[in-house]
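Chemist: Quick one: the structure is below, and I'll ask about it shortly.
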Amino acid sequence: MWARALRVRFPVPLDRGRGFASKAGPQGKVQEVRQGTHSPRLASQGAGRVPAAKIEHLERLALVNFGSREAVARLEKAIAFADQLHALDTDGVEPLESLLEDRCVYLRSDNVAEGNCTEELLRNSHHVVEEYFVPLPGNVSLPDMVNKTPSPTAE
Amino acid sequence: MLGRTLREVSAALKQGQVTPTELCKKCLSIIKKTKYLNAYITVSEEVALKQAEESEKRHKQGQPLGDLDGIPVAVKDNFSTSGIETTCASNMLKGYIPPYNATVVQKLLDQGALLMGKTNLDEFAMGSGSTDGVFGPVKNPWSYSKQYRERQRHDEHGDSHWLITGGSSGGSAAAVAAYTCFAALGSDTGGSTRNPAAHCGLVGFKPSYGLVSRHGLIPLVNSMDVPGIFTRCVDDTAVVLGVLAGHDPKDSTTVQDPIKLPMILGEMDVSRLCIGIPKEYLVPELSSEIRSLWSQAADLFESEGAKVIEVSLPHTCYSIVCYHVLCTSEVASNMARFDGLQYGHRSGIDVSTEAMYAATRQEGFSDVVRGRILSGNFFLLKENYENYFVKAQKVRRLIVRDFMNAFDSGVDVLLTPTTLSEAVPYLEFIKEDNRTRSAQDDIFTQAVNMAGLPAVSVPVALSNQGLPIGLQFIGRAFCDQQLLTVAKWFEKQVQFPTIQLQDLMDDGSLVLENGKLTSVSLT
């Protein structure tokens with residue numbers, strides 16, 4: 001029957017001393033990753049503080065406001081988490097951009113096959129004049145976003 | 001009828017034993033009864049009944065479209081559905097009505113499937129609990145199962161200890177698990193179909209990247225997203241995949257190699273199979289119950305003559321980090337389209353375009369989404385691009401190579417856990433933030449998305465608490481049929497029990513004998 005337990009395949013309890021078979025060197029952050037845990041390494045080991053100017057720059061690029069000190073802290077933790085990649089040696093490895101890199105990807109022929117759906121497309125916009133989407137003046141610089149009030153959803 | 005497989009119900013419809021309208025009405029009534037699960041954002045009752053009417057006409061004329069004609073299905077709310085609100089569980093798209101159907105939705109409708117509604121999810125499919133959408137969290141139907149409740153000590157009538165479905169396609173999972181439909185579409189970017197499938201006792205299938213069209217699936221990570229399929233048995237998945245798979249001229253990332261259709265899963269000769277067990281997946285956080293089931297599953301294959309070997313995927317511990325960087329980067333790029341101008345929420349700010357964009361995105365996106373956008377933009381800054389984004393792309397190649405090496409060594413299919421533990425109570429899940437939870441819960445599933453491989457979570461057994469546990473099979477790229485054949489054999493061996501939902505048993509909707517569904521009343 002399916003439920004019978006044969007020999008125990010995996011050793012119990014786990015030998016925590018045994019590291020994972022990573023090719024990376026044993027120093028630095030890899031040690032943390034290898035020591036038998038997959039929980040994300042949070043910012044306990046002094047995650048770099050992101051300077052205020054960088055925060056502002058990001059907010060401007062993303063047009064998304066951090067909104068709170070906690071959100072900035074979360075970014076710092078995310079960066080610290082990502083920093084673990086640097087321990088891995090990737091010399092000579094090509095970046096993988098597409099899983100279909102070995103294939104000829106299909107391209108359509110340059111013929112108009114469908115369209116004439118102006119009305120349907122305009123229907124979803126909040127502000128339309130004749131057949132134009134209506135934005136606002138674009139030559140007004142964005143005010144300082146860092147001092148904006150936190151979002152309603154920030155804790 | 002509800003306990004039958006898709007093909008059985010399809011046969012019953014063709015023979016006139018039941019009509020599409022009866023089936024539709026029954027599913028609609030169960031949706032109403034199980035409203036507390038919050039599985040659906042939109043219930044498309046009128047649409048479904050009209051489709052049922054048309055299906056009935058076709059059946060009367062003896063001209064059904066196929067195995068899906070007249071079958072109720074549900075679709076995750078990040079697939080565009082023409083004329084039906086598509087929100088991605090976000091304020092940004094509340095009230096947005098797409099003018100077109102996603103290709104996979106169109107394919108289902110072309111086969112006569114009945115669209116019951118759009119299911120709940122984590123906002124923009126970001127999350128592993130289906131708890132972070134603006135319409136509230138989805139509750140796992142197993143929270144209300146007899147199997148779970150009789151093993152709990154606290155008050156049975158209290159509702160504060162309900163369990164999460166997992167995510168991000170939790171609504172679709174709950175919809176299928178609660179018998180409101182026969183199949184549901186989810187999406188899978190890092191495990192968003194397999195994770196809730198494991199927690200809800202369902203088959204959750206992630207096809208090979210490039211097999212199923214993403215046109216109309218609101219994108220999260222273009223290089224990893226795929227539509228996913230939820231069903232109650234592997235055969236049903238094959239039926240749905242047979243309809244969905246194939247090249248789409250509207251999605252140039254779908255491959256053109258012809259695949260054999262319809263997808264009929266034959267018998268499996270287990271003695272010719274080689275199963276690989278990746279040793280790096282044996283982590284301390286894995287619950288002992290799942291570890292034991294994993295071991296028993298491996299033993300089962302071996303006892304039937306299969307070769308079961310340990311393999312190594314050496315870069316596993318970097319996989320989740322790599323995924324985190326690539327995911328946030330692609331998300332930052334994909335979310336840039338939401339500016340309030342052409343569709344979606346638009347802020348009332350009228351100072352300038354940039355101010356309007358910023359306010360729109362502030363109001364429209366939750367903290368989780370904004371956090372990922374900002375992280376992604378950080379990694380994409382000129383000064384960071386090489387060190388983070390390109391670095392992650394290189395690590396991704398190493399991870400893909402790991403899988404290739406494992407398969408090249410003769411392995412047909414890898415066997416791993418799907419999740420670290422069974423479904424946890426909501427109150428416990430929310431103790432950590434979304435990013436932390438995702439990093440923990442996606443551990444066994446995201447590497448598969450990075451390599452574009454097909455994978456399926458199959459429900460195996462109930463835990464000591466009476467909750468479902470699933471195991472994951474991973475196959476070679478475009479060997480989806482072989483993968484499902486292995487899964488089907490395994491499913492037959494384990495005989496996973498039916499959920500005993502008290503509500504539906506009380507009113508006679510589901511009738512069980514010895515834990516098996518014997519009949520379902522249609523009145």
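Every residue gets a Cβ built from N, Cα and C, even glycine.
Here's the feature list from TrEMBL:
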- B:26-484: domain 'Amidase' (DOMAIN)
- B:LYS76: active site, charge relay system (ACT_SITE)
- B:SER168: active site, charge relay system (ACT_SITE)
- B:SER192: active site, acyl-ester intermediate (ACT_SITE)
Chemist: What number of additional C-beta atoms lies within 10 angstroms of the C-beta atom of B:LYS76 (active site, charge relay system)?
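Modeler: I get 32 for this one.
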Chemist: Express the distance between the Cα positions of B:LYS76 (active site, charge relay system) and B:SER168 (active site, charge relay system) as a whole number of Å.
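Modeler: About 10 Å separate the Cα atoms of these two residues.
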Chemist: Cα-Cα, whole number of Å: the residue listed as 'active site, acyl-ester intermediate' versus B:SER168 (active site, charge relay system)?
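Modeler: Here the two Cα atoms lie 5 Å apart.
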Chemist: List, in sequence order, the same-chain residues at least six positions removed whose CB sits under 8 Å from that of B:SER168 (active site, charge relay system)?
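Modeler: Non-local contacts for B:SER168 (active site, charge relay system): B:LEU121, B:ASP122, B:ALA125, B:MET126, B:GLY127, B:SER128, B:SER130, B:SER187, B:SER192, B:PRO196.
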